[in-house]
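**Student:** If you look up TrEMBL, you'll see C:12-33, C:53-75, C:87-104, C:110-128, C:140-160, C:202-220, C:241-264, C:276-295, C:302-323, C:329-348 marked as transmembrane segment.
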Amino acid sequence: MDYATLLQVLDSTVRLATPLLLACLAGLFSERAGIVDIGLEGKMLAAAFFSAAIAAVSGSVWLGLLAGIAASMVMSGIHGLASITFRGNQLISGVAINFLASGITVLIAQDWFSQGGRTPSLMGGGRFESITLPFAEALRGVPVIGPLYYELISGHSILVYVAFLMVPLTWWILFRTRFGLRLRAVGEAPEAVDTAGVSVVGLRFAAIAICGLLTGLAGAYLATGLQAGFVREMTAGRGYIALAALIFAKWRPWYALYACLLFGLLQAVALRYQNIDLGGFIIPVQVMDALPYILTVVILAGFVGKAIPPRAGGEPYVKER
Amino acid sequence: MTDTPAIELKGISKAFGPVQANKDISIRVMPGTIHGIIGENGAGKSTLMSILYGFYKADAGEIWVNGSHKDITDSQAAISAGIGMVFQHFKLVQNFTVLENIILGAEDGPMLRPSLARARGVLKQLAEEYELSVDPDELVENLSVGHQQRVEILKALYRQADILILDEPTGVLTPAEADHLFRILDHLRAEGKTVILITHKLREIMEITDTVSVMRRGEMTATVKTAETSPEQLAELMVGRKVLLRVDKTPARPGAVLLDVQNLRHVDDAGVERLKGVSLQLRAGEVLGIAGVAGNGQSELLEVLGGYADATGSVTMKGAPLPLSGAGSDGSARRAAGIGHVPEDRQEEGLIMPYTAWENTVFGYHRDPRYQSGLLMNNALIKQEAQDKMTRYDVRPPNPNLAARNFSGGNQQKIVLAREIERDPDVLLIGQPTRGVDIGAIEFIHQEIIRLRDKGKAILLVSVELDEIFSLSDRIAVMFDGQIMGERMPAETDQTELGLLMAGVTERPEGSLIAAVDASLHEKEAREAGQHD
Amino acid sequence: MDKMPAWADAVLVPLISILLAAILSALVILAIGENPVEAFKLMVDGALMRSTGWGYTLYYTTNFIFTGLCVAVAFHAKMFNIGGEGQAMVGGLGVALACLFIPFPHWSVALIVATLAAAAFGAAWAFIPAWLQAKRGSHIVITTIMFNFIAAALLNYVLVNLLRPVGAMEPATAGFPAVTHLPTFQDMFASEGNPLFRGSPANVTFFLAVAACIAFWFLIWRTKLGYEIRAFGHSESAARYAGISPVRITVIAMLISGGLAGMMALNTTMGEAERLVLNATEGAGFIGIAVALMGRSHPVGVFLAALLFGFLYQGGAELALWTSIPRELITVIQALVILFTGALDNMVRMPLEKLFLATRRRSS
């Protein structure tokens, strides 16, 4: 493999890791606050559709982005209503949200556009353009570093940079601010937060709102950045891979970045090479497809360090009697 | 001193579903006093105080603090009214440091750093002033329960509470630690702070309080000056009739050794060694009481003997060795060997709460061929036997079709007792037999235990209630930190000696008791923190 | 005392939940410019008014009974098996291998062997998550989700690289031998003069599903294994106290669960397609979640809920045929049913409990 190919694979790794990373950080906020979210997939899907649909209708990708965020926020709201307000089962609520998004996106797409459940292809202002960073053109000729900067670091859409900046920001919020302290506390011991005079419900809704915002960005990036429009089921399990990455990362922001880059790399490799020939031994593409899931199972099995989730995760907060 | 009460509750009522927890309760607590609230389990004490702290909302009634009417809708409102509360089950974030727990909810601004710095200073002051020292940077999960309680008190003081509520604070403490706590409360009172102490222990009320209110079945039955009452009178007010505070029994006639336990060791899932070489012998016709503060390995001892925790060492039952891990080491095998077990926690272990009473009467014995007919279970027979057992043990209501959760604590315990005793085991393990049980049922349960002993059965009694240990045991072993610290005959020891043993102090120290206890507990904490890493 | 009488808990709460889901579904239909009443009529017409419609409805019902029981048995042991889809896929592989490679003398023998193969393959796919949950504490919800994806990749590989007939383009096995074809309802009930169930896929597997419901009831409420599964589901600590091994119950309950999911493949693979195709399960594994929730994990409830979803599936197909409403409407309804009968259960329950409490207070 030559340097140019390597850069191309890494470049596509970054693109493919972006939606995973945004969704993973979304899940991180939610689960750190004690709300397990297996509905990441559905929220992303809803955001992908509405961002593409509104961008297609209005011609403005920014309006699309807002619509996408709004859609996944609504989904988050349903999840919150079920799992916080009515203390329902968070897993079941997440499953419901995934199906709701899967059905409603196609239903509305068909109603609005009649193109078999897709949106029209986005053009011009309907998509996020890639940004050329300063000096990218000028440095392009410099050996090694030039192409690296030009191909890999420069030339992505704004949401890619947002996603990567979210990592230190998330870390800072969680571990350096009052909000972060309370957020982590409510995922570990909501009764401690409650008796300290802070609203458990408020904190948890704040967490899932952030989760909605981030999955909104993730979905919008899928439909208006990575691709040019919405097709049915376009998230293709990314929400679950993000969930896997979250476990892989043991609910920590920097590790989330590494996990998502790893899974992004797997996807990039699977996309570029169908079957990988390792000197006569062929790794079929299906293995590459399944690898993130297999890795997650291995991690969950505790063979590579134990993943301990937030203690109050998945349990609705009920004042004890 | 003024005449304005620090706290005045007027006509507080609260229902949980069909259960009326508090009925029209009024109470006045004067500033600078320690006010006790005593009552049986389920009398509504904790509910009342949780309402005062804004944890629950009352259905009716008013709360007045220092002469002004307060609308306490949540804990924030209570905190700003100067009220702090130390719950029976601590409200701490286990994997946060002490400092983080202290500032949680009382931060100075949106950034953590300045809050942490200020809290560190304040904490140092408070620690010196009230003898409440804890390492501010230690994770709470590494602290002993006694020190976790200190963190809770510090939390309240950091929020400048003038009124401090403590809910059953001594349940997790050794007697010496409890004395230390009372000294702190004394100090707080001297500074003009108001303390409300919830307890079910008459001795504590008599020892420290100025006034005491008695609750029974959700109602306030009396408020009296402590100096003008007696334990007997309080007990009668609690129960509504005269009660026997002693158990009548004849001296034991111990027979052959039935259960011989040698060098038992158990390591829990987190890798912490919970039993560190426990040896004891249990004879027919005696009650061996295991005293100790909760969390010193008693639960694990019961689990190992009951067959559901693995261990090394040796246990023989009537001379036959019992496997302590792997196949043949489970609850069914132990039952088959003649060991019955009334577990410490009937709701989490002894009963399946949504199961009917009749289903629960065979729980653990459900594989008995007697209860099978072909591939199916013989439910008709089980129901019939259940009705029988319930009548004999006076379970009320005697309806076997009712789910276990619908019985009171005492009646639930009777169902468990009926199940275990009716199988006629040679050895009965009993953990906390009267926890959360009303006094009427306590008398019944104590009589049953003695009756069983007199039939020549061997009984291993684990209880954190020292009074219960004293009144039932023929021999007392004290557990601390996974070890038996010593065995005493009840007639030849006293609460002070047992209390020291419970803190791991085997010889009566020359100087201060609490210093010796504290040193011993510190050592234990250090050992545990070491094991965690 | 319990807050509500048992009948209200078992019947009233799910009924109200379904009513809410139905109202919202009607609103969705309205929102996309169609008439819900007309749509409902069309669905009833297509699914229930002709024997062919019933043939489809019961075909889908069969799938959902199996996957519903699959989820239900896990629920009794307090596990959430989202892996029914993957277990059914792998179960299909078992059916295909049996049908393709064993020379059967008669369809009945084939059905018995294929049933065993389907159950064994489905159970095997559930075994690893079960074992990891029991021994390593790996959360079964996540592992079964992962195993769905792994199953899809596995099946893809097997169909593309191993079982695809030479020269064929489609990732599917060859057709099964004629002797393994199961009698359809048409074969069984139609006569010259009375052509019933014409062309519809309902087949003898339906009766197997009904038998599974009955066996399920006996297993859960009449055997000591059922006693232990339910006890474990209510309280793991109590189960341990009573000498019930958590590892054993977790594994057994999941094996039964996976076996039931695998048996669903009999209906789709052996009964209908008569070969194994890539997406044989068509999401039925997930519908099982809705079915089990709605049916309160009771076989009678599961049967009725499966029937409802069978009707919705067939009705939805009719809708997609005659109107502009896509089949995804059913996915939305399915989501709403899961939401209301599962996650928002308390929204219905809390006011009802208050109501019952108030009436009890008044009467006393």
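Count begins at 1; order follows the chain as displayed.
Glycine is treated like the rest: Cβ placed from N, Cα and C.
All TrEMBL annotations are machine predictions without curation.
Any idea what these are sitting next to in the structure?
**Tutor:** Outside the transmembrane segment (C:110-128) by six or more residues, the chain places 81, 83, 86-95, 97-99, 102, 104, 143-144, 147, 151, 179-180, 182, 204, 208, 251, 254-266, 270 with a CB less than 8 A from a CB of the stretch.
Sequence-distant contacts of the transmembrane segment (C:140-160) (same chain, at least 6 residues past either end, Cβ-Cβ under 8 Å): 79-83, 85-87, 89-90, 92-93, 125-126, 128-130, 132-133, 171-173, 254, 276-278, 285.
Panel annotation: around the transmembrane segment (C:202-220), residues 54-59, 61-62, 65-66, 69, 72-73, 76, 111, 115, 182-185, 188, 226, 229-230, 256, 260, 263, 266-267, 270-272, 298-300, 302-303, 306 of the same chain, lying at least six beyond its termini, place a Cβ under 8 Å from a Cβ of the stretch.
When Cβ-Cβ distances below 8 Å are used as the criterion, the transmembrane segment (C:241-264) is approached by residues 62-63, 66-67, 69-71, 73-74, 76-77, 79, 81, 83-85, 87-88, 90-92, 94, 115, 118-127, 129-131, 133-135, 140, 208, 212, 219, 225, 228-229, 231-232, 281, 284-285, 288 of the same chain, each at least six residues removed from its ends.
Beyond the ends of the transmembrane segment (C:329-348), by six or more residues, the same chain brings 13-14, 16-18, 20-21, 24-25, 28-29, 283, 286-287, 289-290, 293-294, 309, 312-313, 316, 319 to within a C-beta distance below 8 angstroms of the stretch.
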**Student:** Which stretch from C:53-75, C:276-295, C:302-323 shares the most C-beta pairs under 8 Å with the transmembrane segment (C:87-104)?
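**Tutor:** Stretch with the highest Cβ contact count: C:276-295.
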**Student:** Near the transmembrane segment (C:276-295), which same-chain residues lie under 8 Å Cβ to Cβ, leaving out any that are not at least 6 residues past its ends?
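**Tutor:** For the transmembrane segment (C:276-295), the nonlocal Cβ contacts are 14, 17-18, 60, 63-72, 75, 82-89, 92-93, 95-96, 148, 155-156, 159, 163, 170-173, 261, 264-265, 268-269, 301-306, 308-309, 331, 334, 337-338, 341-342.
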